[in-house]
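Enquirer: Could you have a look at this structure, given as C-alpha cells, before my questions?
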Amino acid sequence: MSGVLVLVGHIAGQVSRSSLELLTLARRLGNPIAVCAGTADDEVVKTLGRYGAERVHLIESDELEEYPVAWVRAVADLAADVQPQAVLTESTPDGREIAARLAVRLGGGVLTDAVDVQAGPLGPVVTQWAFAAGYTVTSRVVRGIPIIAVKSNAVVPAEAPVTPSITRSGLQLDEAARRTRVLSRTVRESTGRPQLTEADIVVSGGRGLGGAEQFELIENLADALGGAVGASRAAVDSGWYAHAHQVGQTGVTVSPQLYIAVGISGAIQHRAGMQTSKTIVAVNKDPDAPIFELADYGVVGDLFQVMPQLVDEIARRRA
Ligand SMILES: Cc1cc2nc3c(=O)[nH]c(=O)nc-3n(C[C@H](O)[C@H](O)[C@H](O)COP(=O)(O)OP(=O)(O)OC[C@H]3O[C@@H](n4cnc5c(N)ncnc54)[C@H](O)[C@@H]3O)c2cc1C
C-alpha cells in the first residue's frame, strides 16, 4: 500500500481533532504519513501513532512560522519523493491555500471542502456538498497527485494503533519563500469554552437576538452546558459576534451531539454548516421558520423569555 500524506496541526503537545479525522480518512486510502511542522514532542508522535500514522515526518526549522511559503515547498518536496496516493489537509482558509499551492507545485488536482473520502479503483473518490449542501457531488482527481482539503467533522476519529517510524527534513529558504514573511502574531484570548469545531454542544445565536449585548444569553446557555458559541452570518455581519464563530456555508461546519439555534431562521447557507448535528433544538418566535423543518425539538417563543428560563432550569437541576 502506498503512502498518504496527512498535514497535521499540533500545539503544546496536543494534536488537533481535525488532524485525527484526517488520519482516520487516510487509512482508507493507504498508509498514513503524518507531516508535522517543527519538533513534535513524544506525546504528539504517540498520539499520531495511536490514530494509525505509520510514519511521522518532521519538517524541522525555527523559521517555519516566519516563512509559510517555505512550508509548502517542503511538503511538495516530500510528496515528490513519496509519490503518495493523496495529500490530505484541513479545509480551513490556511489549509485550502496550502492545497492550492501544493497542487500548482505538484501539477495535481485539488478538491476542497470534502465531507467524505473513499478509496476507488482509479484513486480517491471525494464527496463534496455544493450549492449550500443542496447537492452532493462525488469527484475524482484524474491527473497527478490528488490534494484533498477535508472539512472538520467529516468523520469520527477512530484509533488504529501502530508504532510510527520517524523521518526528518529541513527547510530550504530560497528567494521565492522569503518574499512572504509573517511579521507578528496575536494570540487569541481564550474564552475557556471548547473550540467551535470540536465541541459536543454548540449554542448559536442569530439576528433574532437584535444586538451584540444580547449574545450574553447565548454565552450563558453555552456555559451552563459546557458548550461553544456559534452565530449566523446575519449576526456576524452586523458585528455582534466575531467571524470565527460563524456557522454555515461560508463559516465553519459543526457536527456536535447537540446544536441549539436561537433566533436563527434556518437559511440553507446556515443549514449547510450544522445539519449533520446529532440533535437539533431551535428557539424561534415564528412557527413557520425553516429551522423547524430540521429541528428535532422546537420551542416556539420569544427567546428573551425562553433563554433565561432554560438557564435557570439547568442551574436548578444541577444544584
Ligand atoms: C453566498 C452566501 C453565503 C452565506 N453563508 C452563510 C453562512 O455561512 N452562515 C449563515 O448563517 N448564513 C449565511 N448566509 C446568509 C443566509 O442566507 C441568511 O441570510 C442568514 O443565515 C440569516 O441569519 P439569521 O437566521 O440569523 O437571520 P434571519 O433570517 O433574519 O432570521 C432571524 C430569525 O429570528 C427569529 N426571531 C426574531 N426575533 C425573535 C425573538 N425575539 N425570539 C425568537 N426568535 C426571534 C425570526 O423569526 C427569524 O426566524 C449566506 C448567504 C449567501 C448569499
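Glycine is no exception: its Cβ is also placed from the backbone N, Cα and C atoms.
Just lifted these from TrEMBL, have a look:
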- ARG207, 232-233, 246-250, 263-270, ASN284: FAD binding site (BINDING)
- 4-182: domain 'Electron transfer flavoprotein alpha/beta-subunit N-terminal' (DOMAIN)
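Context for these features, please: burial, neighbours, distances.
Expert: Mapped onto three states, the DSSP output places HIS270 (FAD binding site) in helix. All chains included, 28 other C-beta atoms sit within 10 angstroms of the C-beta of HIS270 (FAD binding site).
Along the domain 'Electron transfer flavoprotein alpha/beta-subunit N-terminal' (4-182), the predicted structure has mean pLDDT 91.
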Enquirer: Mind giving me a neighbour count for GLN246 (FAD binding site)? Other Cβ atoms within 10 Å of its Cβ, every protein chain shown.
Expert: 23
Enquirer: What three-state class does DSSP give GLN249 (FAD binding site)?
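Expert: Looking at the DSSP assignment, GLN249 (FAD binding site) belongs to neither helix nor strand, so coil.
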Enquirer: GLN249 (FAD binding site) has how many other Cβ neighbours within 10 Å of its own Cβ?
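Expert: Looking across every protein chain shown, the total is 19.
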